Every structure is written in structure tokens, then in C-alpha cells.
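Taken verbatim from Swiss-Prot:
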type    : residues                       : note
DOMAIN  : 104-389                        : domain 'PPM-type phosphatase'
BINDING : Asp142, Asp327, Asp380         : Mn(2+) 2 binding site
BINDING : Asp142, Gly143, Asp327, Asp331 : Mn(2+) 1 binding site
BINDING : Cys146, His148, Cys208, Cys210 : Zn(2+) binding site
SITE    : Trp280                         : site 'Lock'
Amino acid sequence: MAGICCGVVGETEPAAPVDSTSRASLRRRLDLLPSIKIVADSAVAPPLENCRKRQKRETVVLSTLPGNLDLDSNVRSENKKARSAVTNSNSVTEAESFFSDVPKIGTTSVCGRRRDMEDAVSIHPSFLQRNSENHHFYGVFDGHGCSHVAEKCRERLHDIVKKEVEVMASDEWTETMVKSFQKMDKEVSQRECNLVVNGATRSMKNSCRCELQSPQCDAVGSTAVVSVVTPEKIIVSNCGDSRAVLCRNGVAIPLSVDHKPDRPDELIRIQQAGGRVIYWDGARVLGVLAMSRAIGDNYLKPYVIPDPEVTVTDRTDEDECLILASDGLWDVVPNETACGVARMCLRGAGAGDDSDAAHNACSDAALLLTKLALARQSSDNVSVVVVDLRKRRNNQASS
């Protein structure tokens with residue numbers, strides 16, 4: 001590059017001693033800058049669409065946008081294209097059959113007006129095959145106190161659920177999901193204890209705000225709303241105040257109920273366990289936690305429990321999309337409004353359409369819902385997952 005730039009200089013200006021303080025010298029140097037930039041862009045820079053450095057720069061630029069937008073959906077779209085490109089002719093049919101029922105998804109996760117990002121999102125299409133059917137895993141985790149419990153849930157919960165489902169008898173989804181959440185909570189608790197006793201792993205300790213040391217670490221927890229989508233059913237497990245909403249024929253159907261301390265049945269359970277609900281900026285367990293169930297939060301046990309409430313919903317031809325989100329969205333956007341926004345974005349893309357517009361529709365819906373929450377002054381992290389459920393309807397019609 002230096003040689004090219006010197007060639008441009010030699011062609012446009014004869015070499016001669018120049019007084020660096022003179023006005024003419026400054027003018028000549030300024031005149032050279034556009035030429036050097038043009039040469040660098042045209043002769044040195046690699047094609048933009050194949051440039052890894054450009055991708056890294058775009059990631060840095062995007063991370064500086066308001067809310068630190070996490071555009072994981074675009075990455076997944078690129079991965080899908082790459083996966084399709086490397087499929088050889090002999091395995092095209094097999095690959096198409098494997099991925100034919102994978103729903104299109106979009107996800108957005110932003111820090112919002114909070115200082116720290118404590119939300120986490122987990123997306124694992126086709127994480128399990130059972131009875132020759134693909135099962136898909138989606139989860140949103142809203143951490144509090146620190147982010148490491150939510151991050152641990154993102155890394156491990158789908159594996160725990162997979163192992164439990166593989167040994168599940170018939171369709172005992174409620175028992176299976178309760179066991180999975182309890183094991184996740186046990187892993188989090190053991191991890192915290194081992195790190196304190198044996199000396200924490202330094203790399204993780206340095207990256208954690210609470211430094212994974214008691215008593216701060218015992219005050220860390222996370223909500224968890226998880227959905228396992230099969231060709232026939234939608235299983236939702238909820239622990240905390242994140243929420244899952246199904247949009248069916250234009251109607252918003254909540255598939256989970258928020259675990260708030262002042263919910264009558266939760267209030268009775270907390271009081272029977274010997275705890276109290278104190279109203280301090282809203283109802284809180286012992287005046288501290290604004291939810292009655294969560295993974296982690298060892299210092300509030302047995303009042304705060306990790307047991308999820310599980311709903312199993314049969315899929316129908318009228319199902320349009322599933323929305324999973326943290327309370328950063330639901331605190332300011334009603335279920336019906338969220339459903340309407342998602343339907344509006346999906347309307348332009350037909351069910352079963354594999355065009356770029358169809359793949360971007362869910363991403364647009366998640367992004368628009370996030371922007372709406374921020375515009376309505378949401379004060380929390382906002383994480384949204386939108387799953388297009390319409391593909392199954394087209395597959396049935398064509399068969």
C-alpha cells in the first residue's frame with residue numbers, strides 16, 4: 001500500500017524540498033489525501049462481501065448503537081446460507097428433509113437504559129430428535145444481581161432438557177421440565193459453592209461484576225422462560241416474570257403466568273414457607289426480589305423456588321407466531337400489542353416462504369418490538385424472540 005501511495009505522489013507532484021511551515025506546503029499535502037484514499041480503497045481493500053475485517057468492524061459499530069443491539073438473527077441467517085452452500089448433491093434431499101420443519105426465528109437483545117446487560121437468549125433449532133420428529137429449543141433468561149446465572153442457563157439448560165427428554169416416558173412434559181429446572185438450579189448453586197471453596201476460575205472471576213464470591217454471589221439469580229416446539233405441541237416452562245405469548249389467528253394467548261410475589265397463590269406459598277412479601281417499590285420477597293420464582297438466589301430459599309409452571313399447547317393451523325421476551329418488553333407493551341406488531345411484520349412473508357424477506361420478517365418483528373419498548377421508556381434490558389409457526393401449515397397443505 002505504501003508503494004502505491006508513493007507512486008501516486010510521484011505522478012502528481014515532483015519531489016522537492018518543502019517547507020513544512022509554508023501555506024503552500026499544507027495545501028499540497030491536503031490535495032494529496034483524496035488521491036491516496038482512492039488508491040487504497042480501489043487497489044488494496046478486498047471485496048467487501050468477503051472481508052472478515054469489515055464484518056468485525058460492523059460488529060463493533062453495531063455494538064455502539066443505542067441499546068447494544070444483538071443481531072444474532074443475522075448471524076444465524078448467514079450460517080443457514082453457508083450450510084446450504086456446502087450441501088452436496090447426494091445429500092440435498094436428506095438435508096432438506098431435516099431442516100424443512102425448522103421455524104424461522106428472529107431475536108433481539110438490548111441493554112436499554114440499564115448500566116449492565118444481564119439478559120441472555122438461547123436458540124437451538126433441532127436440538128433433539130424424538131420419534132423421528134425435530135424438537136426446537138428457545139429460551140430467554142433475565143438475570144438480576146449479575147449476569148453469570150443467566151449466562152449459565154444459556155449455556156447449559158438446553159443440554160439438561162435434552163437429556164431429560166431422551167429418557168422421558170411418553171409425554172410427561174411437566175415432570176421433565178421441572179426436573180430440568182431443578183438440575184439447572186443445582187448446577188448454579190454447586191458452581192458458586194465450588195468456586196468459593198476451591199478458588200474461582202480466574203477468567204470467569206475477572207469477567208463477573210460480583211466476582212463470584214459470597215455473599216454477593218448468593219444474591220444472583222435469573223428468570224427463565226423456555227419453549228420446546230415440536231411438530232404437534234408447544235411446551236412452555238416459566239420461572240419468574242419473563243413471558244411467552246402465542247399469536248393464534250390474531251388473538252394473543254399467554255402461555256405463561258408471571259410469578260409475582262403478590263399473586264395470591266404465590267403469596268400464600270411464601271407465607272407458608274415462613275417468608276414475607278414487603279411492598280418496597282412494588283411487591284418483593286422480603287422486600288428484595290420482585291419475583292417469587294427464579295433460578296439461583298440461594299439467600300432467598302425456600303421462599304424463592306426454581307420450579308417452573310409448565311403448559312402444553314397443541315399446535316393448530318391458525319398458529320402464527322410465538323413471542324418469548326423478558327419483562328423489559330412486557331412491562332410496557334401489552335400482549336395484544338406485541339401480537340399485532342409481530343403479525344404486521346410477518347404478513348409480508350408468506351408461510352413456508354424461504355426468501356430473504358421471509359427470513360428477515362421475524363428479525364424485523366423482534367427489532368420493532370424492542371424499539372417500541374424503548375420508545376415507551378422501558379427501564380430494563382429488553383430481549384425478544386419471535387418464532388414463525390406458520391411453516392407447518394403449508395407443509396400440511398402440500399401433503
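Along the chain as shown, residues are numbered 1 onward.
Cβ atoms here come from the backbone N, Cα and C positions, even for glycine.
Shown on the structure are the features that Swiss-Prot records.
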| residue | record | Cβ contacts under 8 Å, 6 or more apart |
| --- | --- | --- |
| Asp142 | Mn(2+) 2 binding site | Glu118, Asp119, Ala150, Ser222, Thr223, Gly240, Asp241, Ser242, Ser326, Asp327, Gly328, Asp380, Asn381, Ser383 |
| Gly143 | Mn(2+) 1 binding site | Glu118, Asp119, Ala120, Val149, Ala150, Glu151, Val220, Gly221, Ser222, Thr223 |
| Trp280 | site 'Lock' | Gly287 |
| Asp331 | Mn(2+) 1 binding site | Ser378, Asp380 |
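Averaged across the domain 'PPM-type phosphatase' (104-389), pLDDT in this predicted model comes to 90.
Counted over every protein chain shown, other Cβ atoms within 10 Å are most numerous around Asp327 among the binding-site residues Asp327, Asp380. In this structure, of the binding-site residues Cys146, His148, the smallest number of CB atoms within 10 A of the CB marks Cys146.
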